[in-house]
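Record features, source Swiss-Prot:
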REGION    1-41  region 'Disordered'
COMPBIAS  1-26  compositional bias 'Basic residues'
Amino acid sequence: MPKIKTHRGAAKRFSKTGTGKIKRSHAFTSHILTSKTRKNKRNLRKGAIVEAVDHKNIAKLIPYM
């Protein structure tokens, strides 16, 4: 069997932690920021962990990370 290819778009958007969880960044941070509060923009800078229902599908896209 050949190796599974890594989905390059997913590889740029997600990374794995040391414990095997998948990290992601928040959306809504690139433009139209004037209507968002300072607190909202600050919280959007923080990373987030992928939810359990999505973990299996994303893990298939990035098998070697």
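Glycine is no exception: its Cβ is also placed from the backbone N, Cα and C atoms.
Panel annotation: around the region 'Disordered' (1-41), residues 47-50, 55, 58-65 of the same chain, lying at least six beyond its termini, place a Cβ under 8 Å from a Cβ of the stretch. Secondary structure by DSSP for the region 'Disordered' (1-41): 10 helix, 5 strand, 26 coil.
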